[in-house]
């Protein structure tokens, strides 16, 4: 159901080259037989050249090696069928027993000739190669036939190799149908343009690209946020961070979201609490541009600043009731950075390129000078970092330090209150 790639694969090209070399050798076969009249002698001539220097007269030998390489590549790519695999195995046996010896003068006396192996090699060569191309042609015909079949939305969903929820999201996006419309109109035929777009997007997802980046949006706290490869994809776990902020934010309070990324936290807080003054900052200009767009699209009143943590291009006037951040907390070299969606997300938003706690230490050290008396620092972190983050906050004078779990019961948000008289 995916769009077919009509370009021949590299192994198939190699098979074609080997066939061409084999055909080129036929002129030498005719010449040899015309002058010597011995097929067995020709076998010795060709096979004895295996270890000889390259020579156009031995095209058949070169064809053997090119063909063998093509077989190996096809096998590695799992593009073989049992019959062809058996033939190739037979050919490899023939290849292993057809070695002969020819002296410098070309004399063939006292030679054990394995002519059967030679004939077996080329018999398997011909049948397996023809079979491979016949199979490819059959695949193309099947694909063409499938293209002619009426493709409905329901049928596309059923044929998709993606998880059903992801396939449905892609189909809703390209068709511009709601979930309900997709359910009620699933039997309708897909327009060609919609089907082609759905196939392209599905292939991108099969290649590992996150659905959020493919669609350009991600739902967070009941709202649709624009996302792109310059920002971290908002996770459901981060909604717990927002709820913790809202639970501790006083009336007309001031909130600073550091490392805002897409602006999911800052924009959500601003929309949930219109009375609050919300600032969002980030070191990445493209990320800030995305956050500004989300604020504008959703109608949130947020002040934006560019800079690294507390060092921004906008001076901080007054104290903050809440300082919140979802900082990079994955340890450098963590295997998860090369897996799943994380491969596509900005590394600067995922890891501190250190022990996973360096950014958290920076925030814990700088927050006390900027928090109002009784203000809170709230940090999202990894599920196995709760104890370490609590230690960092305690070392920097925060009281009432506690870690809040997510819905899975895993440590997710650690917070502490700033009390000047307790410093």
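Each residue, glycine too, has its Cβ placed from N, Cα and C.
Note that TrEMBL annotation is computational and uncurated.
Annotated S-adenosyl-L-methionine binding in TrEMBL involves 259, 260, 261, 262, 263, 282, 309 plus, out of the candidates 252, 326, the residue 326. With DSSP states grouped into helix (H, G, I), strand (E, B) and coil, the domain 'Methyltransferase small' (241-335) comes out at 32 helix, 26 strand, 37 coil. Each residue of the domain 'Release factor glutamine methyltransferase N-terminal' (163-216) gets a DSSP state, and the totals for helix, strand and coil are 38 helix, 1 strand, 15 coil. Closest in space to residue 260 (S-adenosyl-L-methionine binding site), of the binding-site residues given as 327, 328, 329, is 327, taking the CA atom of each residue.
Across the annotated binding residues for S-adenosyl-L-methionine (259, 260, 261, 262, 263, 282, 309, 326), the two most widely spaced Cα atoms sit 16 Å apart. The record gives 326, 327, 328, 329 for substrate. Within 8 Å of the mean position of their Cβ atoms, the other Cβ atoms in that chain belong to 259, 325, 330, 349, 350, 352, 359, 360, 379, 380, 381. Cβ contacts within 10 Å of residue 259 (S-adenosyl-L-methionine binding site), excluding its own Cβ and spanning all protein chains shown: 23.
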